[in-house]
Amino acid sequence: MTKLSVNINKFATLRNSRGGNNPDVVKAAVDAQLFGADGVTVHPRPDERHIRYADVYAIKSIITTEFNIEGNSQEQKFVDLVLDVKPTQVTLVPDALDQITSNHGWDTIRHKEYLVEIVSVFQKAGIRVSLFVDPVIAMVEGAADTGTDRIELYTEAYAHGYPADKEKAIAPYHQAALRARELGLGLNAGHDLDLHNLHYFSRNIPHLDEVSIGHALICDALYLGYENTIQLYKRQLQPTP
Ligand SMILES: CC(=O)[C@@H](O)[C@H](O)COP(=O)(O)O
Ligand SMILES: NCC(=O)COP(=O)(O)O
């Protein structure tokens, strides 16, 4: 079965908005595992606007499932962090420094020389490597040439196209998945997957090893717990008999 890795960046966004330690990001990682997630994903960005480097060390110390760290290896600080923490998997994402969120995959042909080198740096340290790529056959083939263990298909275009025409939206992902399999690559996927589009994606993408989901999952967790939480607060305001 496809594994679900829960991306807990948004817990850190909320915590950082007030200072202090509420919500507790390490507890969010512990509880994700307790509640059935197959792994935990974090994406420490250079400005530490959500996950801080210190969080990554703290989470590593409690993780019992898979730990996936995403980020841009063109930042030496990120490479040093990953080599020090030694997660199960590193997902290399070609983000610019000031990017709001990830918005494209690697050009695996143009950056082949660099990727071959950096993939082997992590693999020599015993860390599985996944490259974030768009669902384009040439990019999947280019990824295979780097020696990476897996690719992660960037699913924003699928999520965006799903409501209007889900068959059209899934088609390039299906082709990319088949090519990845032929080339012996493991397959991950992520970005904007949610409760509406996930089932169709998982049913139609063969040999999908793992999805990492954060934004929508945390939004759903807030809303699905909303009514209960309001009632709990109301109860605190009831006069004592
Ligand atoms: C690589 C990817 O698609 C996710 O990591 C996404 O970029 C989440 O990062 P943010 O939580 O910073 O938006
Ligand atoms: N790799 C994708 C990820 O970790 C989460 O992306 P999103 O669900 O926050 O869009």
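Just so it is clear, glycine is given a Cβ too, placed from its N, Cα and C backbone atoms.
Binding of 1-deoxy-D-xylulose 5-phosphate is attributed by TrEMBL to Arg45, His50, and the same site annotation extends, among Thr2, Thr91, Thr101, Thr108, to Thr101.
Site annotation (TrEMBL, ligand 3-amino-2-oxopropyl phosphate) includes Asn7, Arg18, Gly214, His215; from Asp38, Asp47, Asp55, Asp192, the additional listed residue is Asp192. In this structure, Thr101 (1-deoxy-D-xylulose 5-phosphate binding site) belongs to neither helix nor strand by DSSP; it is coil. If you take the Cα of Gly214 (3-amino-2-oxopropyl phosphate binding site) and the Cα of Arg45 (1-deoxy-D-xylulose 5-phosphate binding site), they are about 15 angstrom apart, rounded to a whole number. Checking Cα-Cα distances from His191 (active site, proton donor) against the binding-site residues (Arg18, Arg45, His50, His215) with a 10 Å cut-off leaves His215, in sequence order.
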